[in-house]
Amino acid sequence: MDSEIAADYSPMLIIYKSGRIERLVGETTVPPSSNPQNGVVSKDVVYSPDNNLSLRIYLPEKAATAETEASVKLPLLVYFHGGGFLVETAFSPTYHTFLTAAVSASDCVAVSVDYRRAPEHPIPTSYDDSWTALKWVFSHIAGSGSEDWLNKHADFSKVFLAGDSAGANITHHMTMKAAKDKLSPESLNESGISGIILVHPYFWSKTPVDDKETTDVAIRTWIESVWTLASPNSKDGSDDPFINVVQSESVDLSGLGCGKVLVMVAEKDALVRQGWGYWEKLGKSRWNGEVLDVVETKGEGHVFHLRDPNSEKAHELVHRFAGFIKGDK
């Protein structure tokens, strides 16, 4: 019967013996809005017709309604949502609320990328889709792409990538690949990316990254099981370099293709030491970036700002996030 459970990954999803997958979170969607929300308008655009994949673009209303002939050029944020590679979308109320707040606070253009999720589409599909989206975004660099908002308003000398949890993991890998594959013309820089923001990044390893990381068997087993479901073909499990970015000696961060990095961690997040470890490893590498910051929110857990976006600490996170994009000191 369809009600027979094969695997229970609550609170994320349930897999039934029939093969049906029931996602328990992140399936509700909200439409984009041409009516300003917090001073921001949005619309959805297809970036991969072959796979029927879209992204949501956010633009400050004042830029959208500017009557001057000279287009208003703004920093460009490309955002990858979290959800363990398993749940959530770029169109959920959670991410629509966050991106609207971030764009309002930072006065930027934002592209929120939707990608195919595991287990139906295991790793590396999410990376492949994200790369396709990033290339689509950069097709507008000369002002002649298919999307007018990017042609008119995106300043490609100020491109920022960001994401939370699994989206932060994707952000890291896209930035490495952008430098390696020379995403941008050399007239800007080879990667085309000015900076990245990793919010509560989902990195992991079979053994603790330091003596402060949790050794709780249940917690470690759960985190590893999420990765195993997302990437069943990883021969090294959670020591796969896709997830074991911090501890793995095979991962060289010196090639990170950006000049500025902000790592945001939360004190009570099981992933907190991975975020600190990334910051430390990058700082000790031969990376030639200019800015490397880490911010820890005390007393809060994983993606607390998405669960309670109206809290004071969530507002502080958005303020710091936006300040990094604006170049605030």
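Every residue, even glycine, has its Cβ placed from backbone N, Cα and C.
Noted in Swiss-Prot for the protein shown:
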- M1: N-acetylmethionine (MOD_RES)
- S165: active site (ACT_SITE)
- D269: active site (ACT_SITE)
- H302: active site (ACT_SITE)
- Using Cα coordinates, what distance in whole Å links D269 (active site) and H302 (active site)? 5
- Note on the structure: Counting across all protein chains, other CB atoms within 10 angstroms of the CB of H302 (active site) number 19
